[in-house]
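Attaching a single structure in structure tokens format; questions to follow.
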Amino acid sequence: MEDGSAVSSAHNYTKNCYYHGEVQAHPDSDVTLSVCSGLRGLIAVENKTFVIEPVSGHADGAHLIYHVEELKLAPGACGHSFNGSSAAPQTHINQPFQAFHKRDKRNTQKTTKYVELIIVADNREFQKQGRDLEKVKQRLAEIANYVDKFYRALNIRVALVGLEVWSDSDKCPVSQDPFNTLHEFLDWRKVKLLPQRPHDNAQLISGVYFQGTTIGMAPIMSMCTVEQSGGIVMDHSDNPLGAAVTLAHELGHNFGMNHDTPERGCGCRMTVDRGGCIMTPSTGYPFPKVFSTCSKKDLAASLEKGVGMCLYNMPEVKVLYGGQKCGNGYVEEGEECDCGEPEECMNPCCNATTCTLKGDAVCAHGQCCDDCKLKPAGTLCRESSNSCDLPEFCTGANPHCPANVYLHDGHACHNVEGYCYNGICQTHEQQCITLWGTGAKPAPGICFERVNSAGDPYGNCGKDSKGSFAKCDARDAKCGKIQCQDGANRPVIGTNAVSIETNIPLQEGGRILCRGTHVYLGDDMPDPGLVLAGTKCGDGMVCLNRQCQNVSVFGVHECSGKCNGRGVCNNKQNCHCEAHWAPPFCEKAGFGGSIDSGPMRLTGSLNDLKSIFTHADRDTTLLTKQHKALPAVSLTLIHDTAQTGGPPPHTYTQPLSHIPERERTQLRKHRK
């Protein structure tokens, strides 16, 4: 604003002037345009991609159209955060981004997912755009329009539900250090933004030039989490397309997508000279617009594991940014349906021109709409996707399946070997399989205690406020670096993984081999060798903030207590009742389910109904595909505790040439 205060915009602030489409008579073409102030966007036709934009300073409507290769771009790379990235975090950017990550169960691929996105522009970005508020807002909306286009091919819609421009000063520290900036932004989102404006994911667009070659950074497999569903993006190109590609890439990491590297053997339908795929480690000309086969597999695996639990509800249309438009695919106020533009509409129940229902149609969209009619109440519309998820049922009054709900944090799962956290059953075993492949299992407790008492890169409880590795207290040892046994000879998570093997002598004779990992991703985020939050660390105990805390911290027992022993507590803190009991407290006869998930169907067999509730305790085995190990890229550190009884010295069996110099220096110090 003129007084310099921060500006937020949520809905109907500007006209809807953003479009996706194709060039007439060219079915393989692709068009993404904004007509808010002149024509601005991307046109891909006959293996060529063009940029069109108004000529700056010309009031006569003159436009420029040029090859995408002529876009100005600052070279850079993704500073990929924790979990098996297949590439080093700060690789140079001279090719476009790529890919996705992990697995799915209820066939989540066929269900449209909706990411309710908020984009924040920092103060440097505001200044970079000439302190022109409308210009900044339009730029951010264009970025979101591109990202939505990229993800539509994956049956994911990215709905911009809000913009925030820090026109006065930054609301959290933003610096050239991308790691610190990401940490501060995610913390601000959790404490300030999320409580005020509910959303699924937030991305910071920054005018600051980050150190090194990093142009973006995001935690992996963090979509929908309170703590880490977001990322940071450097606005590195004159055209908003550059930042859009980077944002799509970082959003991919949030979804669980790893980099597309040569050793993964990813298939990309676009050759490098035509842009390649979105999740390549680095970006350049021409920009990518598609996702690889690896990305799609990564996404499917993540969704099956429970990542993205918040994405199955259609956004509240009143909060969509950009205003109302018949043909945008969202049913807005005054519309009975919206199946897209007339040329793309295939819905027999909806008139695409008027966004009204045809004839006797009662509905046109949703999992609870069939043949233009509502499905009966109690019809299963969304199966549970994992041991911590709950099923949803049609209400008989709404064509859409109720929003996804799952078990309250702290519910036991996986045969009581783990606890649910953010809709995922977190166990040491599952994490060992992720790191070491099929057959891996957690090491005995003595491995965690001995190794994690070191407070070095190979045994720690994360970093302290000064950035130094913190020693684990004995009670917190199972919340530090994860220790495993068996599995593959080398970590299966990528080429930069270091294998750390520790031999611990036993008093009765013999030794125990403990296997840990360290992944060189730079100073990004905690590496995947650290135990995940929500993991069971003892009977009735769970890891939170690198400490082993009582599971009562979640309040699950108090919540379940009100269900009268006939139901479980969901993440909305409401009872999900057994088949013949009624919500909200399962104390009276009824139709089961919850006030959030709809009534369970009574016409199903009793065994089927029972299976729904026993699903929460079923075994789920994470199947991790092992990748071929490359020579001279995986390092084994072997140390023995026989002499000192404490954290042992390290020796190495493979060269250090692939490790960054700063890390090599640390290793040489240990070697001496």
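Quick reminder: no glycine exception, Cβ is built from N, Cα and C everywhere.
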According to TrEMBL, which candidate among CYS350, CYS355, CYS363, CYS401 shares a disulfide with CYS381?
CYS401
From the candidates CYS548, CYS569, select the one that TrEMBL records as forming a disulfide bond with CYS559.
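Record-based pairing for CYS559: CYS569.
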Which one is it, CYS548, CYS577, that TrEMBL ties to CYS586 with a disulfide?
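That record, TrEMBL, gives the partner as CYS577.
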Might you list, by sequence position, any residue in that chain lying six or more from CYS401 (disulfide bond) with a Cβ less than 8 Å away from its Cβ?
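For CYS401 (disulfide bond), the qualifying residues are TYR312, GLY366, GLN367, CYS368, CYS381, ARG382, GLU392, CYS394, GLY598.
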Can you tell me whether DSSP puts HIS259 (Zn(2+) binding site) in helix, strand or coil?
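For HIS259 (Zn(2+) binding site) - judged by DSSP and reduced to three states - the answer is coil.
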Quick one: Cα separation, CYS569 (disulfide bond) versus HIS253 (Zn(2+) binding site), in Å?
30
Excluding near sequence neighbours, so keeping only residues 6 or more apart in the same chain, what lies with its CB under 8 A of CYS577 (disulfide bond)?
CYS563, ARG566, GLY567, PRO583, CYS586, GLY590, GLY592, GLY593, SER594
Which secondary structure state does DSSP assign to CYS577 (disulfide bond), in the simple three-class scheme?
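DSSP call for CYS577 (disulfide bond): strand.
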Out of the binding-site residues HIS249, HIS253, HIS259, give me the one sitting nearest to CYS559 (disulfide bond) by CA distance.
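Checking each of HIS249, HIS253, HIS259 against CYS559 (disulfide bond), the shortest Cα distance is to HIS253.
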Could you please provide the mean pLDDT value for the domain 'Peptidase M12B' (113-315)?
90
